[in-house]
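K.L.:
Take this structure, written in structure tokens, and hold onto it; I'll ask about it next.
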Amino acid sequence: MAEINLQEIHDLLISIAHEAGRMQMSATPSYLDSGTKKNSADLVTETDQAVELMVSTKLRTAYPSYSFIGEETYAPGQTLTDAPTFIVDPIDGTTNFVHAFPAFCISLGFVVKKAPSVGVIYNPYLDEMYTAIKGKGAFLSRGGEENIRLPLKKNPEPLKDLSTCLIGAEWGSDRSGGNFELKCKVFAKLAASKEDGGAMVHSIRCMGSAALNLAAVAAGQQDVFWEGGCWAWDVAAGWCILSEAGGIMASGNPGDWDPKIDGRKYLAVRGAPSGQKEIVEEIWGIIGEGRLEYES
Ligand code: LIP
């Protein structure tokens, strides 16, 4: 196979992200006419489908020999292989999109041998473009301005313990069963006072988009992101941006420092001069004997 030109792929993904942003911003979605997938909290709109068709057409034309996985055309059984693969969520944060809550984006990831190699995340509402190429750093461009290298703070503080952390976490769309119960338990323990046995974190944010959560951790605006249930297309781009900004990705379940991109359980910690592993272990301690269970 010819050498892979990551810069060229990055540049194409940025131009596709702009076009997707124009499509998202000119749409007038409503939760009254959006469709549902698994349940009433798992939404899909015509815009999700139209953006994915635009993206897949452009990528297949430019790179016919590379694989493509997209949220809206994914079929159970389709697996991620070692082949160069585009992993795309046309709208991450569809619930926000239909409510005009300004936290949705397109997430465009490119992985080689399952390793995140290019990531582009674009929030058209805020005109914020997060980008990274493996080995070349992560960047944010706001309003088309010059790239700012991530993390935003030049000297990020050390991570002390969870009591100084702002946490990103998501309910997801499963609202019953073991995964839901574990999330409720972990959320309560993260928030509770030390006197009551909790970690008393600064707070917990539910942004509604895994990709934007990872971008926020890469930027250093959130210290941690913990989620189970989201998919490779929610995290492929953000993972590349996070790593290039000095962050780390562990599993959302205790004990696994080398999680799979399609493993559906993630724990991201921002770049810091010290304390990253300790924060992972503190969260794993809160999870305790519980385990998130999701089929890949
Ligand atoms: C969303 C994820 C989010 C998760 C939601 C949903 P979508 O993706 O990014 O993290 O909690 O349940 O899956 O459906 O908006 O593309």
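Just so you know, glycine gets a Cβ as well, placed from its N, Cα and C.
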K.L.:
Out of GLU52, GLU71, GLU128, which does TrEMBL tie to the same Mg(2+) site as ASP89, ILE91, ASP92, ASP234?
P.N.:
GLU71
K.L.:
Let's check the environment of ILE91 (Mg(2+) binding site): how many other CB atoms sit within 10 Å of its CB?
P.N.:
30
K.L.:
With an 8 Å cut-off on Cβ distance to the GLU71, ASP89, ILE91, ASP92, ASP234 Cβ center, who else from the chain surrounds the Mg(2+) site?
P.N.:
ASP48, VAL88, PRO90, GLY93, THR94, CYS105, ILE106, SER107, SER209, ALA210, ALA211, TRP231, TRP233
K.L.:
Using a 10 angstroms cut-off on Cβ to Cβ distances, just flag whichever of GLU71, ASP89, ASP92, ASP234 is the loneliest among these binding-site residues.
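P.N.:
GLU71, out of the binding-site residues GLU71, ASP89, ASP92, ASP234, has the fewest neighbouring Cβ atoms within 10 Å.
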